[in-house]
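**Student:** What TrEMBL shows for this protein is this:
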DOMAIN    16-351  domain 'Acyltransferase 3'
TRANSMEM  20-36  transmembrane segment
TRANSMEM  42-64  transmembrane segment
TRANSMEM  84-103  transmembrane segment
TRANSMEM  154-173  transmembrane segment
TRANSMEM  180-198  transmembrane segment
TRANSMEM  210-227  transmembrane segment
TRANSMEM  239-256  transmembrane segment
TRANSMEM  268-287  transmembrane segment
Amino acid sequence: MRTLDHDEFLAMRRFPALDGLRAIAATIVILFHFAGPKWSWLSGWVGVYIFFVLSGFLITTLLLREQDRTGRISLSAFYLRRAFRILPPYLVILGGIVVFVLLRGEFLARDFPHALKYYLTFFNEFLPGSESDTSGQDNFFTGSWTLGIEEKFYLVWPFLLVIAGAVGLAAAWRKLALAFAAFALMAGLVGVTGGWVLDGPHVPIYRSTVHYAILLIGCVLAVAMHYRRSYAVLKPLTHPLAAIPVFGAFALLHVNMESLWRRPGTNLGLLIAYGVLSALLLVVLVSPGPLRWLLATKAMRFVGERSYSLYLLQGPVHFVVVEAVPPLGENRMISALTVFAVGLGIADLIHRWVEQPMILTGKKLIARRQERKALRAAEAELEAPNSVEAPSGAR
């Protein structure tokens, strides 16, 4: 048993155990929404914070590696990748909900024209009622509030990395300092204009700016692991035995989140602590060991790779399942398991027929754009004059 070298980490192109972590996060979120209070000890509501930390870590890692590989971060390529990854499943599921509501004659009754303005602009968390249960009793898509958080975050974060590179801040700690300062300014401005507060008692948790801090924790982890000097600080956590205390601390906090959350004045610090422990868990999961092996199994990866669509489908699937088979609504655990099974089946179809083809289309589009750009650069170089102008007075 040994630790993971920095060069080995940089050579890794995929982190399969993180798909397994996605699977767990999606499952506990579904159980939280539909399994009933008996399963509240699972603290499934914090599963979204695992998604946030994962997202920040993975996307920042990709951007930093692109910068190393090409010497720059292409913002246009990033946003194209993001659009082709996020929008197709999102729009397919949202479109299905709209058709379903129209066929039931409830489009106006459920105020869907108003809701669509929020959904189509990714201000989901500001939709009145978005803090309600996602059981499908309102408009079937309230669980999509997390997409609103992420998309606004990624409108800003890549720019910060580009700025950090443009001003020549090579040292990791300086890059982090710049990113923190700029991001804090952005969060403050958005907070003022949006009427948010960081931990206000009257602001629904869905709208709290603390979510951006959780995403940033994943980003900071990616920066720390990308640079050799800061990686050395985290390297002891890559030893297989480190999984015991890290996972133990994470699990202990996780199962106590529900009770700790009810204590006044602890919410902000509690969520930050959970985000930090989630980040440390990622270090363990990208490193060799039994925990990585367990979460990288085929079954776990299968669910994890479909977790995005599964997460979005939970509300509408629950509504349809309970309406089609009313007795299922009487046993909440059976209802939750049915939502998981049916949702996973539909998510698999979306993954195969929508998500994967559109991701591939996005990659091809980016490749063609890069080829055209390289060709134009080559043509410009060929057209440039090859001779140097003679000095004044020369014959």
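Count begins at 1; order follows the chain as displayed.
Every residue, even glycine, has its Cβ placed from backbone N, Cα and C.
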**Student:** What residues elsewhere in the chain lie close to the transmembrane segment (42-64), defined as a C-beta under 8 angstroms and at least 6 residues from its ends?
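**Tutor:** Counting only partners 6 or more residues beyond its ends, the transmembrane segment (42-64) has Cβ contacts under 8 Å with 15, 18, 21-22, 24-33, 35, 73, 78, 146, 149-150, 153-154, 157-158, 161, 211, 214-223, 225-226, 254-258, 271, 274-275, 278-279, 282, 311.
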**Student:** Given the model, what does the mean pLDDT over the domain 'Acyltransferase 3' (16-351) come out as?
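**Tutor:** Here the predicted model's pLDDT, averaged over the domain 'Acyltransferase 3' (16-351), is 85.
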